[in-house]
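Trainee: Pasting the feature list from TrEMBL:
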- 12-31: transmembrane segment (TRANSMEM)
- 43-62: transmembrane segment (TRANSMEM)
- 83-107: transmembrane segment (TRANSMEM)
- 119-141: transmembrane segment (TRANSMEM)
- 153-174: transmembrane segment (TRANSMEM)
- 180-205: transmembrane segment (TRANSMEM)
- 293-317: transmembrane segment (TRANSMEM)
- 337-359: transmembrane segment (TRANSMEM)
- 366-385: transmembrane segment (TRANSMEM)
- 391-413: transmembrane segment (TRANSMEM)
- 425-446: transmembrane segment (TRANSMEM)
- 458-480: transmembrane segment (TRANSMEM)
Amino acid sequence: MAAQDVLGQTARLASSSALLQVLFRVVTFGLNAFTLRYLSRELIGVVNVRLTLLYSTVGFLAREAFRRACLSGSAKRNWTKTINLLWLTVPLGVFWSLILGLVWLYLLEVPDPSVVPHYQAGVVAFGLSAIIELLGEPFWVLAQAHLFVRLKVIAESLSVVSKCILTVTLVILYPHWGLYIFSLAQLLYVSVLVACYVIYFVMFLGSPEATKKSFPVARMKALLPSFIEDETFVNWKEARLTWSFFKQSFLKQILTEGEESFYVFFAKVLERGKTVKDQKQDDVAMAANVLELLLKFVLLIGLTITVFGYAYSQLALDIYGGSMLSSGTGPDLLRCYSLYVLFLAVNGVTECFTFALMCKEEVDRYNFVMLALSFIFLCISYFLTHWYGSVGFILANCFNMGIRIAHSTHYIYHYFRESTHRPLMGLLPSPALLLVYFISAVLTAFSEVLFCCDKGWMARLIHISIGALCLAASLVTMFCTETKLIHFVRSQFLSRYLKKGT
C-alpha cells in the first residue's frame with residue numbers, strides 16, 4: 001500500500017476515533033449527570049475511578065505491548081505466528097486480573113457497603129470484562145493493521161449504546177442494586193464489542209471482497225491458535241519486541257498512559273530501526289510533514305482546553321452536579337487537569353512517533369530511562385500530594401509528561417538532524433494566535449470573578465457569552481495564521497466525509 005493511501009486511511013481512522021471519543025465523552029457526561037440524580041456520588045466515584053482503573057490497567061498491561069509489536073511494519077507477514085502471539089494476551093489478562101483484583105479487594109480500602117453496595121462483585125465483574133475483551137484482541141489487531149475503519153466505528157458505537165441503555169434502565173428500575181448495575185452494563189459492553197468483531201470476520205472471510213483484497217486470512221479457524229509444522233509457534237522477533245514493549249508498558253502505566261492515533265501510520269510508512277538516510281525519502285518527507293502538523297493540531301487543541309478550562313471549570317462542575325461538585329477543591333482539580341491535557345496530547349504524538357521508529361535495543365535503553373523516571377515521579381508525587389493534595393498529584397503528572405516529551409523530542413530532533421525536515425516546528429504556534437490566547441485567558445479569568453457562579457443565571461450567560469466570543473476570536477485567528485494545518489485537516493479529514501455526502 002502506498003504511503004499516500006496509508007495516510008488517507010489512517011486519517012479516516014484517526015478522525016473516526018477522535019469523533020467517537022468526543023461522542024463517548026459527551027454520552028458519559030450525560031449518563032453521569034443522570035445517574036447522580038438517582039445514586040450517590042460515592043458509588044459513581046468508585047465506578048468511574050477505582051473499577052474503571054482496574055479494567056483499563058488489566059487491559060493496558062495485557063495487550064499494549066502486543067499491539068505495538070504486532071502493528072509495526074507491513075501488514076504482509078506470517079499472520080499465523082502473529083495471531084498465536086496475540087492469543088497470549090488472554091492468559092496474561094487472567095494473571096493481571098487475579099493479581100490486581102486481590103489488590104483492589106484486600107489492599108485498597110473497601111468502601112462502606114451501606115454507601116457502595118456489592119463492591120466485591122464489581123471488582124470481579126470489571127476484571128472479568130477485561131479478560132472477555134482480550135478474547136477479541138486478534139480480531140482487533142487484524143482489523144487495525146488493515147485499517148477497517150467502519151468496523152471500529154460500528155463496534156464501539158453499538159457497545160456504548162448498549163451499555164448506556166442498560167445502565168439507564170437499571171438505574172430507573174433498580175437503583176438499590178448499586179454496583180450490580182454498572183457491572184452488568186460493563187459486561188454487556190465488552191460482550192457486544194467482541195461479538196461485533198467476531199461476526200464481522202465470520203461474514204468477511206471467504207467473501208469476494210476478502211478475495212479481491214488478497215486478505216491474508218482465509219477462514220475463521222485461522223484466527224485460532226495453531227501450530228505450524230517444522231516452525232516455531234510465534235515469530236521470535238515479534239516476541240522479543242513485545243517483551244521490550246511490555247517492560248516499557250509496565251513502567252508507563254505507573255507514570256500514566258497515552259494513546260497514539262497515528263502509530264499505525266508511522267509504523268507502516270517508515271521502517272523500524274533504520275536511520276533517516278536509509279529510508280525512502282518521499283516517505284520521510286511525508287512522515288515529517290504529518291508529524292509536524294499532528295504536533296500543531298494537538299498543541300492547539302491542548303492550548304484551547306487549557307486557556308478556557310481555567311475560567312470555566314467551576315461553571316462546568318456547577319452545571320454538572322451543583323454546589324456538591326463546584327465547591328471545595330473540585331474546580332482547582334479540573335483547572336489543573338486542563339493543563340495536564342495539554343501535556344498529555346503532545347506526549348501522545350511525540351511518543352507515538354518515537355515508539356514506531358525505535359529498534360529493540362533503543363526500546364530497552366528507554367526502559368532504563370523510564371525506570372529512573374518512575375522513581376523520580378513517585379518521589380515528586382509523594383511530596384506534592386502531601387503539600388497540595390489531589391492538585392499536587394496532577395501537577396506531578398504534568399512534570400512527568402514534560403520529562404517524557406523532552407526525551408521524545410530529543411529523539412525526534414536527532415532522527416531528523418541529517419535531513420532538511422524539522423517537524424518539531426509544529427510545537428511553535430503563530431505569535432498572533434498566542435497573543436489571542438493570552439488575551440482570552442485574561443478576559444475569561446476576570447469574567448469568572450465578576451459573573452460566576454453564585455450571581456444567577458443571567459450572570460452565567462454573560463460569562464458564557466464572553467467565553468464564546470474569545471473562542472470565536474481564537475478560531476478565526478487560527479484559520480488565518482495556521483493555513484498549512486487547516487489545509488491538512490480539510491484534505492485528509494473533512495474532504496473524505498464531504499465526498500461521502502455528495
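Quick reminder: no glycine exception, Cβ is built from N, Cα and C everywhere.
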Trainee: Excluding the flanking five residues on each side, which residues at least 6 beyond the ends of the transmembrane segment (337-359) place their CB within less than 8 Å of a CB in that stretch?
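Mentor: Residues 68, 72, 245, 256, 258-263, 266-267, 270, 272-273, 287, 291, 294-295, 298-299, 301-303, 305-306, 309-310, 313, 366, 394, 397-398, 401-402, 404-405, 407-409, 411-412, 415, 427 contact the transmembrane segment (337-359) from elsewhere in the chain.
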Trainee: Is it true that the transmembrane segment (180-205) and the transmembrane segment (366-385) have 3 or more CB pairs under 8 Å, sequence gap of 6 or more?
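Mentor: Not in contact, no.
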Trainee: For the transmembrane segment (425-446) and the transmembrane segment (119-141), decide whether they are in contact, meaning at least 3 CB pairs lie under 8 A, counting pairs 6 or more apart in sequence.
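Mentor: Contact between the transmembrane segment (425-446) and the transmembrane segment (119-141): absent.
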Trainee: Let me spell it out: take the transmembrane segment (391-413), skip the flanking residues so only those 6+ beyond its ends count, and list any with a Cβ under 8 Å from a Cβ in it.
Mentor: 255-256, 291, 329, 332-333, 336-337, 339-340, 343-344, 346-347, 350-351, 353-354, 357-358, 366, 369, 373, 376-377, 380-381, 383-385, 423-424, 427
Trainee: What same-chain residues lie close to the transmembrane segment (153-174): Cβ under 8 Å, and 6 or more beyond its ends?
Mentor: 16, 20, 23-24, 27, 31, 34-35, 38-39, 180-182, 184-186, 188-190, 192-193, 196-197, 200
